[in-house]
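**Student:** I'd like to ask some things about the structure below.
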């Protein structure tokens, strides 16, 4: 019965259907992943196809040595997104298939059970799934880098494990040398791990075949080493390292603190994977299956962990995330190398029962994570797409400095490519500049979802796009608005023109330029009130269907420094030093803007 089950599952048709299904799923997930963060930066850093090498050379000198994978990113970012979606899906299946091929014994084929196991392990244990497999720049760095590295290692594997003898070994020398350079020039720790594995393959080849090492193998090792050195010695690495405090530490301090951090991350996220590996090794020893694949599996596991521990010397990337990708892939290969192709029933021996139970648990866990992850990807796509659509709408309405909500749903998983680096409150954050440029805007920044829903979603584009204090006051004097103001701090930087504009709005009395003050004001048609005091002032009342309360306080105690504007019990003020404006449209009776102008500083710029 067991053979019949195996024959039904491990056959050509089911195997091909499984691969096509994986390809289809990844294509859908890629379609649900828009451009994010660095995608916009590299879009503008690359002039056109003819300048890619020159552009990357400049980055090699100024930022990073990962030239090969960034060239891949630049190429795709100059193409329509659908081209990348197809190519990236093929790359994912390609990496999965290479892991599958690396785990096969000579003559084996169509092992659907093994290919599915690889999918389970990738989905369950690869860190930051969306960022390494779906995000365009991220996948170029990690997925495509691993595709190059595993393709390079497959030459060594095929010759060592499958006893492959090329017909024209001399012609392989330049090819494998170039593959070695590319593999060494992908990613610092993963490329280093690839070099160690290639050397191990040569050692196994010498012991098992008792032959002279082919010249193409030596050429591959040399190429790998050259590529790794070129990447590590990039001048840009030193410049980039200065942005991280760890770069100033001694090697001893980096290791002592870094190793603890990396070990903690491994314990937190890879404990089950390591336990599974150890149990499989014990079962192989128990069943006396001490084949070459067993030792190769141990090598992949050991060098995978070494690849992770190498992060302790990195200036950044020690927390669980993309930088752990390469080491985890090596450990997944280690498991697939020693996993048998068996689907057994309870009448089988104890080892087979164990494999079946573990396989079933992995499959169940995969299904749960797949459902949650796919739902999360859809949800993040809807939110991000709505943000980008909002930017387009605001530009069409004339608001060239829009704000939009920070994504804040709490159940975000590792499967979505979204990260909090995408949008920031400060418009000067590096990712916000290229996004604004892409949508032909001056600036963008994010606000809390609550503020966006209350004010900015249906706000006045003209007001929301204004960050000049003088221009904002002029807009208020010309519009049909009710204005609520609450502020605290010095008025010494207000010039005569600004005081005149405030006077036109209805603030007749201004404090002296010296000292700190608190001030509140209601500026409505035919109903203008203002109050200025030294430490505390308060005002409340009713406007149409709105109950308002204004408070401003400034004392020596932190909890007594505030400038609030509440409408129907909700806080609308930015509650910062200077003047906080909440503007209500008289026609719609709706809040259409909330902004702070810090008049306590010489450069008065709007803050939303």
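Keep in mind that glycine also has a Cβ here, set from the backbone N, Cα and C atoms.
Note that the structure is predicted; figures quoted are calculated from it, not measured.
What TrEMBL shows for this protein is this:
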| type | residues | note |
| --- | --- | --- |
| TRANSMEM | 82-100 | transmembrane segment |
| TRANSMEM | 112-134 | transmembrane segment |
| TRANSMEM | 140-157 | transmembrane segment |
| TRANSMEM | 169-185 | transmembrane segment |
| TRANSMEM | 191-208 | transmembrane segment |
| TRANSMEM | 215-234 | transmembrane segment |
| TRANSMEM | 269-286 | transmembrane segment |
| TRANSMEM | 298-318 | transmembrane segment |
| TRANSMEM | 324-340 | transmembrane segment |
| TRANSMEM | 352-372 | transmembrane segment |
**Student:** Rank 112-134, 140-157, 191-208, 324-340, 352-372 by Cβ pairs under 8 Å to the transmembrane segment (169-185) and hand me the top one.
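**Tutor:** Ranked by Cβ pairs under 8 Å, first place goes to 140-157.
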**Student:** Under a Cβ pair cut-off of under 8 Å, which of the recorded stretches 112-134, 140-157, 298-318, 324-340, 352-372 contacts the transmembrane segment (82-100) most often?
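**Tutor:** It is 140-157, which has the most Cβ pairs under 8 Å.
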**Student:** Near the transmembrane segment (140-157), which residues from the same chain, at least 6 beyond its ends, have a CB less than 8 A from one of its CBs?
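**Tutor:** Tertiary neighbours of the transmembrane segment (140-157) are 66, 68-70, 72-73, 76, 88, 91-92, 94-95, 98-99, 101-102, 131-133, 172, 176, 179-180, 182-183, 186-187, 190-191, 194, 197-198, 201-202, 205, 216-217, 220, 224, 322, 325-326, 329.
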**Student:** Does the structure show the transmembrane segment (112-134) and the transmembrane segment (298-318) touching, where I'm treating 3 or more Cβ pairs under 8 angstroms (sequence separation 6 or more) as a contact?
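**Tutor:** No; fewer than 3 Cβ pairs under 8 Å.
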**Student:** Between the transmembrane segment (324-340) and the stretches 215-234, 269-286, 352-372, work out which stretch tops the count of Cβ pairs under 8 Å.
**Tutor:** 269-286
